[in-house]
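Reading through the structure tokens given below for one structure.
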Protein chains: 2
Amino acid sequence: MSARTLKLGAVLLGVGGPGQHNTWLSPEIPGNASVDVRWYIARARQAEAAKFDHVFIVDSQFITPDSPNHYLSRLEPLTLLSAIAVHTSHIGLVGTITTSYNEPFNVARRLASLDHISGGRAGWNVVTSGDAGTAGNYSRDEHYDYETRYGRAFEHVQVAQGLWDSYEADAFPRDKERGVFFDRSRQHALHHRSEYFSVVGPLNLERTPQGQPVIFQAGDSEEGRDLGASIADAIFTHAGTLEQARAFRSELRARAAARGRNPEHLLVVPGIFPIIADSDEEARAKEDAILGAKSFARALAELGRPFGWHDFSQYDLDAPFPEVGDVGARSFRTHAEKIKKLARERNLTLRQVVEHQLQEQRSPFVGSPRTVADEIERWFDGGGFDGINISVTVPSEFARFIDQVLPILRERGVVRSEYESTTLRGNLGLPVPENRYTAARRQPPAATACRHHRGRRHR
Amino acid sequence: MSARTLKLGAVLLGVGGPGQHNTWLSPEIPGNASVDVRWYIARARQAEAAKFDHVFIVDSQFITPDSPNHYLSRLEPLTLLSAIAVHTSHIGLVGTITTSYNEPFNVARRLASLDHISGGRAGWNVVTSGDAGTAGNYSRDEHYDYETRYGRAFEHVQVAQGLWDSYEADAFPRDKERGVFFDRSRQHALHHRSEYFSVVGPLNLERTPQGQPVIFQAGDSEEGRDLGASIADAIFTHAGTLEQARAFRSELRARAAARGRNPEHLLVVPGIFPIIADSDEEARAKEDAILGAKSFARALAELGRPFGWHDFSQYDLDAPFPEVGDVGARSFRTHAEKIKKLARERNLTLRQVVEHQLQEQRSPFVGSPRTVADEIERWFDGGGFDGINISVTVPSEFARFIDQVLPILRERGVVRSEYESTTLRGNLGLPVPENRYTAARRQPPAATACRHHRGRRHR
């Protein structure tokens, strides 16, 4: 086992960071980058040359005319990742798919296909769709409530993982001399039947190079943490302060351990937005310029998202933060609750809340290359994270991180210099799960039954 | 408008033709071809070098241990086609997706993504899932009945086409100087609400290079023909005799015309299995060898498929064809009815029916290159088809068709020598549909309303 090293992900064209809504103005970015497969392939190759573990594609299935620019029109993640797969060789490919509006059989099949196509580099960022409006695109009058979303997500992943075990590793001898294509004793139907799904199986796809694609999961709520601790290999989260990050990671690891899992196999990998310049002063000035370019009006509109895109422009800015009650209860609930709590505890006006949100977008990773490297190392050593997902939009900014920050971290042994494996699982240091039927044949029945039951319900 | 030319499709690793179950034994084919993206890319490039219009990927989502070899484990069509897209430049990419077990928003998005990634080469083979067992993989106790499947299919395609119009062509100025990314007056929510689906929209993807991906449809039943005549650009069917093919094509065209469509924009493209050798005698001997290699037992098992994988091995082979009543009524009904009718009319035993099915797999396109070219030309000129979908498994057999048959057809002007367009729609000679909202603004309201209603219900 090699020493613990920082995992590196690149969130391609992710928005949400400071100034991300304005990045399209950069002369380095084609205006239609979000639908330009060549742009994505070029960025993935840039990340691969720097030995990143994975690229990461975020997603949603609901837009309004006010959605962020690059969300108004963008490629579906797995269709995109498959194209990237055949123009790269080592970098992992993590795509966001919602469990709320997809069938587990289809999801399992597409991810397993990507894993075969990429030679073992597929990852799934499991989400439940925070935007309540998503329901309207899927023949539902109402978004699933929070509990249902997380209950479905847990069962959905379980079904997918079950389907990925449909064939044991030796199911296809394909022996042309003996004329034996297939060993039918190594094909297994799942016969899953539970609260949200019933899926007979088997999946029509053999065991993939990774055995099971890597599971990422995002979600800060109680339900989200429970889900992550139960089924995730890696957690995609936000980075607030080091103290918050450390507490979050400790708690996640404790929850995983409580489920009988090895906490080393649950990586916490927040999204970060480094702002790098030659000196700390220049970097801070750069951040100020980016934040300053963001209009108050846009921040006010974005405040609505966790409240189900509630329109806050209807209220008096200088009156106390409005009592909006239960609006958006089916959306990004934890985020909305945090904002309400903040306003209540500090007695803030609506304007003050918006200004606070703008400040919140300040990155903890701002400064000269050495300052940023120091800070990343401090968080990594301090138990704040196991890796980082860097938001990638402007290629030269990404190159600055690669060319100026990474060498410092490499020299210190924080980041490895070469790929250690051809699979994402291998590079992330995650074990390959054994096929459950192979395990059952190998193990005494009692131990098998126990293994089968573990984590059956996530609480 | 150029002269009518034969359209060429390559069905990659399609089974169903004579001897297809044994092709994996060929030393030319990797045993795991059905999960090997490089194999598919190589075949697509072979077809593209020969100026084929498209590659075609068939699909199903239900297997048993008795499924054909290459169906036991195969890549999901759109994930696969996206990988092929970025290693080809002109060839169309047609993938099979079932409307019975997918959400129209997801299907519209994935196909539009493929259309963007490929620069306008996406096609959708619309199917409704014939295998009744498919239901068990999608949390349903029973497969949808026939009427529901086709009703859903029609509405599903309508919704997808509506979503593809979410943005007009000029919705994204992306003018960096003026700072204008998006013209919100050119984004349109669909607000579809009907029998099977309600979808608000808009789709989060701009107008694709083809305006609308090309729609293929397969289905010989009354409902299938109605659906094809209503919504398809091209029909994927089986080739029996020239007379049957001519009758089928005439009827389809008449149905399309009755719906106010230009029948020239509905192409009939059956799957064919040419068997080519240096002489006619050798080709016939080759076919005999292929058919002879197929065991009676396998043919008996395959007979069950249209009857919902009914097990015919339980009956006396030399007794009259068994009365199986309604088994498989939710499966491939038309095919099952044909077999029952044949047995009844000719008083056949079960053994005779199986032997008849084996003979039915004889190809009308067997002989020397000239004989096969003559026959294809006769069918094309005789109104039997507008194009052919050639089953591609063994590369050298495909090369024989490309190198020996196509040159004859080119010389006669039946097949074109160069791509005429970079889009599938362009090469197939199909018009680019105008965005409905752009049209509405351009046309007087009365004409618009009329256009909007045409084909609203398919009967």
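Cβ from N, Cα, C; glycine included.
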### Per TrEMBL, B:Asp59, B:Tyr150, B:Ser221 bind FMN; matching candidate in B:Thr23, B:Thr96, B:Thr98
B:Thr96
### Message
DSSP secondary structure for B:Thr96 (FMN binding site), reduced to helix/strand/coil, please.
### Response
strand
## Note on the structure
Least surrounded, by Cβ count within 10 Å, of the binding-site residues B:Tyr150, B:Ser221 is B:Ser221
### Query
Non-local Cβ contacts of B:Asp59 (FMN binding site) (under 8 Å, 6 or more apart, same chain)?
B:Arg74, B:Glu76, B:Pro77, B:Gly95, B:Thr96, B:Ile97, B:Thr98, B:Val127
### Message
Taking DSSP as the reference, which of helix, strand or coil describes B:Tyr150 (FMN binding site)?
### Response
helix
